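Let me begin by presenting the structure, written as structure tokens, before commenting on it.
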Amino acid sequence: MQFITGPKLNGAAASTGALSPEVIAVYPMTKAQESLWLAYSMAPNHTLYNLSLKFVFNQTEAASDGSIAIRDLTRRHAILRSTFHGANQSQARPFVAEHNPDTATASFRIVPKPRDARGEAKVLGLLRTAVNLSQEFASRWLAVVSDREIELYLVAHHIALDGTSMSSISAELFKLLSGSPATPAEQPFCQAHMYEVITYIVRRFSSRRILTPFKAAFSASPEYQAAERFWLDQVMHVRPYKWITNPSSRPAPSKSYREIQTWFDFSKDDLAAWGSKYRTSWFRVAVAMVGLLTRAHTEPDYGADQTVTVAFGGRPAGLEKSIGHFANAMPIRIPFTEASRKTSGAAQVSFDNLVKLVSKQISTAKKHERYSILDLSRARASRGLETPRAQVAVTLSPKLSHKECTLYPVEGPYDLFFCFLEGDDNVTLGVIYDPIIFSTADVARLKDEFSSLRERSMTDPSFGVSGISGVQSHLPRLLPELDLSNVDEISAARFHAWFEQQALAHPNLVALHSAERNLSVTYKELNERSNRLGHYLREIGISRGSLVLLYLEHGPAVMEWIIAVLKAGAAYAVADQSNPPERIRSIVSVAEPVLVIHDQKGEAIREIIQESPVKTLDIRTVQIEKFSSESLEEVTQNTDLAYIVFTSGSTGQPKGVEIEHRNLSHFVANAFTSNYTTIGPGTRVLQLATFAFDAAVLEWSQCLSLGGTLCFADVPKALVGDYLADVIDLNEVSFMHLTPSVLATLPTSRPLPSLRQISVGGEMVPDNLIKKWRSRVQVVNAYGPTECTVVMAHQPQPIASDAPQPAANIIGAAHQHMKFYVSNDAFTRLLPAGEVGEVCIGGPQVGRGYKSRPDLTENRFAVHPELGARLYRTGDRGKLLGDGSVFLVGRIDREVKVRGDIELDDVERTITDVMPEVTAVSVQPDSSSTSLWAFVSPDDIDGDVLRNRLTERLPAYMVPSTVYALPQLPLNMNGKVDHKSIAANMESLIVEATTSGSSSSATPSLVSSGSTTCRSPSTSSCSDSRSASPAITSAVTRIWQDILGTKGLITTSDNFFDLGGNSLSANKLATQLRSEFSSSNITVLDIFSSPTIQGQVDLLCGSELDSYVQSKLDSLGRGRTKSPAKIVDSQGRSSPSTIPSGGRKSEIAIVGISGRFPGASNPDELYRLFRDRKEGISELEGSSGVLPFPGAIYVPRRGAIKDVEYFDPAAWGLKEDEARNMDPQQRLFMESTLRALQDANRVPSIQGTNNIGLFVGAARDTWQDATETVYGDEFYRTHRADLTPSISARTAYHLNLQGPNVTLNTACSSGMVALSVAVDQLRAGRCDMAVAGAVAIAFPQEGYVTAESQIFSPSGHCRPFDHRADGTLPADGVCALVLRPLDDAVRDGDKIYSVISGIATGSDGRLDKAGVTAPSPRGQADTIERAWKDAGIPMSKAVYAELHGSGTPIGDALELEGFQMARSRLGAANNRCTVGSNKGNLGNCEAASGLVSVIKMCKSMQYGVIPPVQSLERVNPLINPSLPFDIAQTDLPLSDDAVVCVSSTGLGGVNAHCVLRS
């Protein structure tokens, strides 16, 4: 298969000039064309979408003139004489402009057949030249002529023609050349434009099915909605291909452009036979095989699927042979997870089942092929989600009319592109690949594997794919495999052995991970470390039957010790360090451990056990290097103890639930075979529960037995609300188990794209909570008492929004080998299905009993007399359903008699059903037991409304007589509503509710009359806020009292958590503080870091003071960038506070750029200058004359812009003398702003209104110093400086920009500071679009005077980071960026150069600074830290930093120190990062230098490569060699999800930093 490819060529930028007068009709592009237009607009010089057709015929065979045939084709088909344009003032959408068929002339060029390689390269260049779609027709012709034959090429952009059209054109052309006219019936629209096509359709067809493609109503039709549901499902929970091939481990490819390998020629008979084996088309079998083959070469991520892009015809009936672009490339999900079936300890996928599912997907897709990728992108964007990038595609090109024709496929943007090309009797398969990702050897291996797979699929259609190399690691397996139907085999298995086998099978998979700590531990590392710890434990006397108590800080170390204890043959228990001493004492007393393992916080437990013989071990003293990393000999028996979990007892003493090894093994195996979770290799599981609870056992045992990754949070007790969402995003968590109370805090506004499954359990799950989440993720309602080993039943919830939702009371059927029974209360008779009684559980997950409590064990773990088997009595009341599942009614101990038998759980569930706003509820009988009281949260619940709704659902005696609304209900240690505590403290709770006006009378809650601004005259912080802000202190105290449910005295130094606060109440506190103090950004993490009223007042004081200053500035008409609040420590040092990530809503898209630079007249030329490592420095004539001081040196070099004097006044409505009087900075900036707006296709109307902001960083006006004006009268000339409008004001006048307007100067950081102000204004909604720009042009245009050891270079060269660096070099520059909120840009289909995720500015101040002009690493680090926190992206993700890099030896060294200081604060100290600077190419463009760096990053992201620095011999010796930086000395390829950053520093210490992503 042939393929036209090569390096990217230069070409004209996309243009959207005025329409030609020859245009006779315009009509909107199809959605498929719009998506191609968007790709073209972002890279107009690319030829990725060139589709080429080659004809070969003898000179003697050309009966007609080829040019006449081409002319006839051009007249006949409107698309061959059309141009393509972006939306403008008259057209709301991108559109096609059809030109007059009588005057339209096709591009047709004739060249002689080349005789050498140079000539062939020239022809190839002509074939690959990019086309300006708005100025030229999308198709062109090239004839390569020799004496004997003619090679005629038709090269068309894919936006105009698809493969079917090429086939039709080939037939028509041969007819025309042979003198035979095309049959009119074949081409009914041959001379029609689009309006006539529509008329034809309407006249010929009356069915709505045919008309809807031409009606806007399709987007509001049921068909469209059904299509949207289907296509959203195709990309739901799909993940990008993370290729196992490692490009960084091999030499850079010799070619940067895609290449093709021809793999196979298949006969059509063979393909037909292939398809018939699966009762579908061979193409669908091939799509399934491509999906399987590519998955085998990606990193495992079980539970997620990938997509393969498939082109659908998209041609309505009647247009089958029309010429144009109808192909619609859409993602088809390869349902690998759905196809897997769990048997014999492993998930299996049969190929025929996979084909069946793929074929079904494609069949449904064809019904919805009118829905476009643009529709899908917008639908995903509206949900806060991105559409996955197309990485793998499959296409089938139709047969051409003659064997003399050859079709060259488009190159496409894919990593792998499988192209099937139909011939007369055969089909050829060629594969286009990206050599940056795949080597030639990689593709050859893929070819061999494809061939082997196809051969096997021909002989055994139902073969299991787990045997395929690479696929097995994607399927969950319990190793070694065993018969999961055999109870004894499972009982004999061990969790730690399953983990160990995973480590042997997948040593490099990540077992433990923390994104916040930048920590990853592989299975091999965890296994070897736990083996060494196990050997150490055995040496110190720990053996079979021993019990070890772990008293460790929550984190990965706990997991290491749990595995080590189990491997040593012992059992473990965990005492949570946050527990009060009395509970820890009770746990030690019941557990009777032989060893307590502790960390640096072990003093508390050592005091408790000092009188006992229990040994202690401080993990800080353990030396394990001498111990073997080999596995330990297995010594445990099936009935040996594995762990003890402590639950609350009715007497207040904890109950120790004993779980044996066989119980744990059955939980893991039974949950696996019952499809409770979709955990497998690569699945990210959140470690949310404290290790003292059995929910943690669920997390680590399921995860580490099956190859998943257990993910830890830095502050696990704060895992609620936005912090929980942040941790999910940072760690790409896909599975988590949590209580409904915690799930209720998780914001549904966050996209959480990685999250696939939520397991909810531990308490009653409100139906409304399930409804919120089930359409987004797989929700399972999990059930299992601690005494029955975590979970033994689950009820999956349907994902489809229109599917009926089972009642939340239904907990599902028992897992394999487990069984539900329902007994009468006397425990003497088993009840049939439908009768209510006590739910009992039997099976091998039922635990041993309660430690040292034989009486309680005998009562709760009892042999049922009718069954003769040991059951666990749950205390839950419920009934069996016909399908074996259980319907829970409530707790036996919560059944009361109030004018009849009442299940309190039933009333509580009804309350959450009728009022979804209720997040927690406890119903209790009143003190006389004659009525019910309902305690609910939050405190704004209207009790009267709630009771009215209940009367419609419940009998009168079950409706609470009074509703008490509280900020939060008391919770027990498991995070569940503490009904016992509420029952015991009802009087105080009623007083609290009625005092705050939150009883059922629905009186509004008491709120503060208003916040008081804290202003401290002596300090920038409020460290003395006791005296400075009594109102704030009072308000915070009142909020504490409301949340903690106390009216007692609280001092400003009391710890919130010591008074009873927990993670849920901390989330509530942060929310209420933000509500009370609207200017604050307090997060739940701030509550943990500042847990006292005093600390929180300090945080609030800074933000409220900021609000005060901002309001004063606003009243003067001047905005400023809001400074973050400061946290002041005991030494008076300050550090930036946590700035919550804004998420996608705060991200800003760069949609247009322009500029003029030294040696480059536009951004593309600038990128080429960087790529070629050239200098843009100009050699200037003349000298400075008399030098101003001894030792002075005149250097006749400058980074000058060419033709700064050229300007067309008439184009701007200016007179010549008025223009001459203007500072050239103004003139050039006006032009640059206009070009940027044109580049963004966002030029405003001169007549209309808009809200476009303009923010300019400008250097000092030197034009007035260098010239005298003749413009204006004497008064004007006298006050010229005062009467000259600012650059932003004049530009706004001429371009009619009506939004906020600022001109500023902070020296070299001016442009970046202007960018920061623009971003702030966009985020605040003060403008809809913004232009951020900068300009620095000095006059006169001459060299500079310097001296040795001064800031300017005596050598006339700027060499950042180099040992030759001797200073910077002055330069000029002007640039402008057009900015829009990311959601707006995506919605409107803007081209997006880059996305600003975070940005910050800051000043050095006086601390840690040698002088006003000296740089401050601390000041720069503060600003960098703020920017990354604003972005909400881990700094470890930064692959490159474009630094200020001034070329001064000390300045460069200090800047790198500051950058590393910020990285250390943000947990990225050890990640290597590439750094660079553009000043070696250009010099220092002063006010424009920061934005020049941003434009460099934008173009680098567009071209996929960051160029190296201009020159580097050896690194500057002042730079610390231990810093983990690489100076960019070669091209740095960028991935599609690359994150980079830019720093800019102004003389005097004004710093700016921004974070950019692709």
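Using the three backbone atoms N, Cα and C, a Cβ is placed for every residue, glycine included.
Annotated in Swiss-Prot:
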type	residues	note
ACT_SITE	C1308	active site, for beta-ketoacyl synthase activity
ACT_SITE	H1444	active site, for beta-ketoacyl synthase activity
ACT_SITE	N1484	active site, for beta-ketoacyl synthase activity
DOMAIN	1027-1104	domain 'Carrier'
MOD_RES	S1063	O-(pantetheine 4'-phosphoryl)serine
REGION	522-919	region 'Adenylation (A) domain'
Worksheet item: Under a criterion of Cβ-Cβ distance under 8 Å and sequence separation of at least 6, what residues of the same chain contact H1444 (active site, for beta-ketoacyl synthase activity)?
Response: C1308, G1451, E1455, S1477, S1489, G1490, S1543, S1544, T1545
Discussion item. Just to verify a number: CA distance, N1484 (active site, for beta-ketoacyl synthase activity) to S1063 (O-(pantetheine 4'-phosphoryl)serine), in angstrom, no decimals.
Written reply: 50
Fill in: DSSP-derived structure type at S1063 (O-(pantetheine 4'-phosphoryl)serine), helix or strand or else coil
helix
Worksheet item: For S1063 (O-(pantetheine 4'-phosphoryl)serine), what is the tally of other C-beta atoms lying within 10 angstroms of its C-beta?
Response: 25
Worksheet item: Can you count the other CB atoms that lie within 10 A of the CB of N1484 (active site, for beta-ketoacyl synthase activity)?
Response: 29
